[in-house]
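Over in TrEMBL, the protein carries these features:
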- 71-362: domain 'Aminotransferase class V' (DOMAIN)
- K225: N6-(pyridoxal phosphate)lysine (MOD_RES)
- R372: substrate binding site (BINDING)
Amino acid sequence: MGIVLFTITSAMTSTLSVPNPGIQDTHRCQLSPLAVPERLLLGPGPSNADATVVAAMNRQPIGHLDPAYLTLMDEVQELLRYAWQTDNAMTYPVPGTGSAAMEATLANGIEPGDVVLVGVNGYFGHRLVDMARRYGAEVRTITQAWGQPFSLQELEKALDQHRPNLLALVHAETSTGVRQPLEGVGDLCHQRDCLLLVDTVTSLGGMPIFLDAWQVDLAYSCSQKGLSCPPGVSPFTMSSRAVAKLEQRQTPVANWYLDATLLRKYWGSERVYHHTAPINLTYALREALRLLAEEGLDARWQRHQQTAEKLWAGLEAMGLSCHVAQEFRLPTLTTVRVPDGVEAKAVAQQLLLEHNIEIGGGLGDLAGQVWRIGLMGANSYPEKVDTLLQALKQVLVP
Ligand SMILES: *Cc1c(COP(=O)(O)O)cnc(C)c1O
C-alpha cells in the first residue's frame with residue numbers, strides 16, 4: 001500500500017527538557033499527499049459540491065469574532081431565511097451534519113416528560129424516535145408503509161388521540177423517496193397547542209418549502225444534499241412559538257453544544273463566544289447559499305423537478321419502475337425497484353468502480369429492494385441523468 005514505517009532512531013538528541021519515555025514510531029507511516037478519486041455522487045448524499053463552493057472553503061480561516069466573519073454570519077442567516085422561506089430570527093447553521101441539527105431541534109424543543117408524536121414511514125422517522133427518547137420525551141408514533149406519506153386526516157386523528165406537545169415529521173424521507181405534504185399540518189398542531197418539527201434535510205434547496213406559510217416551528221437540514229456543499233454545518237431554525245417554549249423551560253437544554261439559549265448569544269447581537277465556529281465550512285455554506293439565491297428558488301425547484309422527470313422517464317424506458325407514486329415522489333431522491341434476479345449491491349458496486357458513479361442501496365424495510373438515486377443541487381442537470389442512465393444500461397444489460 002506504499003506505507004513505509006520509520007525505524008526508531010536513537011541517535012537523535014533532544015533539547016526538550018521534559019522527561020521523554022522514548023517516542024514509539026510504530027504508527028508513523030510515510031504517505032504520499034492525499035489523492036481522492038473523482039466520483040459522481042448520485043446517491044442519497046453527500047452530493048458533489050460546486051467548484052466555487054470548494055474554492056470558498058479553501059480560503060484561510062479568520063477568527064470567529066473577526067468583524068468580517070460576523071458580517072458573513074449575518075449573510076448566511078439571511079440566505080438561510082430565504083432558502084427556507086422564513087422570517088425566524090433564530091436561524092443559523094450548527095456545527096455537525098444533519099443529525100446534529102436534528103438533535104438541536106429535539107434538544108431545544110423538548111422538555112423531559114413532553115409527549116412527542118413522530119410520523120414514522122421510513123428510516124429517519126426511527127432516528128427521530130430514538131433521539132427524542134434520549135431527551136426524555138414520552139414518544140408516541142404514527143406509522144405508514146415505507147413509500148407512503150401520511151394524510152392530513154391521519155395526522156389529525158393521531159393529534160387528537162395522543163395530544164402531543166410536539167409533532168415531528170420528515171418532509172423528504174430519503175430512505176423511501178416520499179414527500180410528506182405539509183399544507184394544513186401546522187394549523188392542526190397549533191389548534192392543539194402543539195409545535196411542529198420538520199426534517200428538511202433532503203428537501204432544502206431542491207423542492208418547494210415554505211416554513212412560515214406552513215407554520216413550521218422547528219426545522220433542520222444539512223449542507224451536503226440539496227445545497228451541494230461539503231458536510232459539516234447544518235441549518236437549524238426555530239419559530240417565535242418555539243422560542244417562547246424555550247424561554248419557559250423548567251430544565252436546561254440537555255445538550256450544551258447545541259443549546260439555543262447559548263448559541264443565540266453568538267448568532268444574535270451579543271456575539272458571545274460559545275464554541276469555535278467551523279469557519280471554512282461557513283465560507284462554503286455562504287457560497288452554496290449565494291448560488292441558490294442567484295439562481296432563485298423558483299428556477300431551482302423547477303430544475304430539480306424537470307431533471308427528476310427526465311430520470312423517471314429514462315428508467316421507465318429501460319423497464320425499471322419507481323417505488324413511490326409520482327405525486328409523492330421527491331425530485332431530489334428517487335427509489336428504483338430492483339428487478340427480480342438482480343443483485344442490488346453488485347450493480348451499485350460496479351457503477352462505482354467501473355463508472356465512478358455512486359448510487360445508494362435500500363435501507364431498513366427496503367434493504368435489497370431498491371436503489372436510491374439522488375439528483376441534488378449541482379448534480380440536478382440533464383447531462384448527469386444521461387451519464388447515469390448510460391452507465392446503468394451497460395451494467396444491467398452488458
Ligand atoms: C441524511 C439525512 C439525515 C441525517 O443527516 P446527516 O447529514 O447524515 O447526519 C437526516 N434526515 C434525513 C431525511 C436525511 O436524508
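Heads up, the Cβ atoms here are built off N, Cα and C, so glycines get one too.
Heads up, TrEMBL stuff is auto-annotated, nobody curated it.
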One finds that other Cβ atoms within 10 Å of the Cβ of the residue listed as 'substrate binding site' number exactly 24
Whole-number Å only: compute the distance from the Cα of the residue listed as 'N6-(pyridoxal phosphate)lysine' to the Cα of R372 (substrate binding site). 13
Over the domain 'Aminotransferase class V' (71-362), what is the model's mean pLDDT? 98
Taking all protein chains shown into account, the Cβ-based neighbour count within 10 Å for the residue listed as 'N6-(pyridoxal phosphate)lysine' is 28
